[in-house]
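Novice: These came from TrEMBL, pasted as-is:
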{"type": "DOMAIN", "residues": "47-504", "note": "domain 'Major facilitator superfamily (MFS) profile'"}
{"type": "REGION", "residues": "1-21", "note": "region 'Disordered'"}
{"type": "TRANSMEM", "residues": "48-73", "note": "transmembrane segment"}
{"type": "TRANSMEM", "residues": "85-105", "note": "transmembrane segment"}
{"type": "TRANSMEM", "residues": "112-136", "note": "transmembrane segment"}
{"type": "TRANSMEM", "residues": "142-163", "note": "transmembrane segment"}
{"type": "TRANSMEM", "residues": "175-194", "note": "transmembrane segment"}
{"type": "TRANSMEM", "residues": "200-222", "note": "transmembrane segment"}
{"type": "TRANSMEM", "residues": "234-255", "note": "transmembrane segment"}
{"type": "TRANSMEM", "residues": "267-287", "note": "transmembrane segment"}
{"type": "TRANSMEM", "residues": "308-331", "note": "transmembrane segment"}
{"type": "TRANSMEM", "residues": "372-390", "note": "transmembrane segment"}
{"type": "TRANSMEM", "residues": "437-458", "note": "transmembrane segment"}
{"type": "TRANSMEM", "residues": "478-499", "note": "transmembrane segment"}
């Protein structure tokens, strides 16, 4: 175990051979081979807690617009198609910024990246709250999204840098809590605020929290690794905007299916552009890697754990987002539930997934990834497979049980994947690995939505043409989508056996 220490100044130092004067020990700062530390130092704990609270706030904000959109359209006088740009612009901004976060984190350092992220998020929130018109409101959401895109890769990179390997699972498990609980609570918070305060109150409630987080960051956040002097490659930046923006825009357009407004851009156009420019982006990064100047370092894929984890994560996110979009539609349009009843049906699963995250993290530290990933992927497969048998008269309890199984499986999958994928990388690659993981989440989520909606729509329209009722046709079409999702997910059970526990204990140097 390393005997490195962490200086609490703003400037990183090389790990000394003996404790430097005025330094504060990090986790594992004192070598005790037989009894590794079980708690983080106060400074590291405080920094990670602040990063998690900030990440929770910005992710919570992502899902507030679904409930706030109708009153916004009424007050600002915009159509549903125009109003949807509040969500679309946010999603596109996330997609094009996340691939560049690896570069940003290395260039600005932990402190600089955090202050930039929260400054942008705070400014965007304030702008949205006082927006006199729809254009300014969309601009505020774009600024918000830019800050949001930086936060999750920064959180994961910081955890990998300052948390010793034997504690990463339990800490990363709390990231699962953030990822699962924040989106589930967003619409609920928005609904509670809308009636007394209106849609501006949704931003007004978040604003003081973000200001407080920004001030706390000035006081508590320090750089945990050396900054990189690499210069930004403008061509890579242009390629990433078209590549990932086109992919997410095109896939989202396909996902709208029959609900797409007349006269909107054919989604095949941005999707095709996205695929072509993605190829160019990969080529550019491979060239730039020779001089260690890539915007997104793809050498992370040389590690088998990382490759396999990305494959499992892609399929899991595809299945999760596809299910999250299609299931509420079926519950409301085919089974007759109200939006509130539909939300309550899936709420227990979302909360269970979040609450189980820290528990799974502790198990990961003890047993490694495979004993969690294999049953986890199996549970996800079974949960989605159960949904394939839905019909208009299906009991809500059956749906609830299937969704809880799915959620428990996802909880057992994400923490081991994050930890084992990043754990095999070298410290200077953590930010690029985190950026890749979060980019995959965005693209796979859009792909899952498009795939499930397309399958459900094509099958249900065919059945309606043959004389089936709308409810029967919809549940049958959705059932086919869930069956395809379960079939694809089943492949990940075998892939899960290929993941190994990272052997990085001797390479940990901490941060400060």
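Cβ coordinates are placed from backbone N, Cα and C, and glycine is handled just like the others.
Buried or exposed, and what's around them? Tell me for each listed feature.
Specialist: Beyond the ends of the transmembrane segment (48-73), by six or more residues, the same chain brings 40, 79-80, 82-84, 86-87, 90, 114, 117-118, 121, 125, 134, 137, 141, 144, 147-148, 151-152, 154-155, 158-159, 162-163, 171, 174-175, 178-179, 181-183, 185-187, 189-191, 194, 198-199, 202, 206, 209-210, 213, 216-217, 220-221 to within a C-beta distance below 8 angstroms of the stretch.
Note on the transmembrane segment (112-136): residues 51, 54, 57-58, 61, 72, 76, 78, 82-83, 101, 104-105, 142-148, 150-151, 154, 200, 203-204, 206-207, 210-211, 213-214, 217-218, 221, 223, 227 of its chain, located 6 or more positions outside it, place their CB under 8 angstroms from a CB of the stretch.
A Cβ distance under 8 Å defines the sequence-distant neighbours of the transmembrane segment (142-163), meaning residues of its chain 6+ beyond its ends; these are 6, 26-27, 40, 44, 47-48, 51-52, 54-55, 58-59, 61-62, 89-91, 93-94, 97-98, 101-102, 104-105, 110, 113-114, 116-125, 127-128, 171-172, 175, 178-179, 224-225, 418, 422-423, 425, 427, 430-431, 434-435, 437-438, 510-512.
Within the chain carrying the transmembrane segment (200-222), a Cβ under 8 angstroms from the stretch's Cβ atoms is held by residues 8-10, 43, 46-47, 50-51, 53-54, 57-58, 60-61, 64, 68, 110-111, 114-115, 118-119, 121-122, 125-126, 128-130, 140, 189-190, 193-194, 512, all 6 or more beyond its ends.
Away from its own ends, the transmembrane segment (308-331) comes close to residues 255, 301, 337, 339, 341-343, 345-346, 373, 377, 380, 384, 387, 390, 399, 403, 406, 410, 413-414, 417, 420-421, 436-437, 440-441, 444-449, 451-453, 456, 474-475, 478, 481-482, 485-486, 488-489, 491-492, 495-496, 498-499 of its chain (Cβ-Cβ under 8 Å, at least six residues beyond either end).
Distant neighbours of the transmembrane segment (372-390): 312, 316, 319, 323, 327, 330, 334-335, 360, 363-364, 398-399, 401-413, 415-417, 475, 478-480, 482-483, 485-486, 489-490, 492-493, 495-497, 499; these residues of the same chain sit at least 6 beyond its ends, with a Cβ under 8 Å from one of its Cβ atoms.
When Cβ-Cβ distances below 8 Å are used as the criterion, the transmembrane segment (478-499) is approached by residues 304-305, 308-309, 311-312, 315-316, 318-319, 322-323, 326-327, 329-330, 334, 369-370, 373-374, 376-378, 380-382, 384-385, 387-391, 416-417, 420, 448, 451-453, 455-456, 459-460 of the same chain, each at least six residues removed from its ends.
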Novice: For the transmembrane segment (85-105), which recorded stretch in the set 175-194, 234-255, 267-287 gives the largest number of Cβ pairs separated by under 8 Å?
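Specialist: So the stretch in question is 234-255.
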Novice: If you average pLDDT over the domain 'Major facilitator superfamily (MFS) profile' (47-504), what do you get?
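Specialist: That stretch averages a pLDDT of 89.
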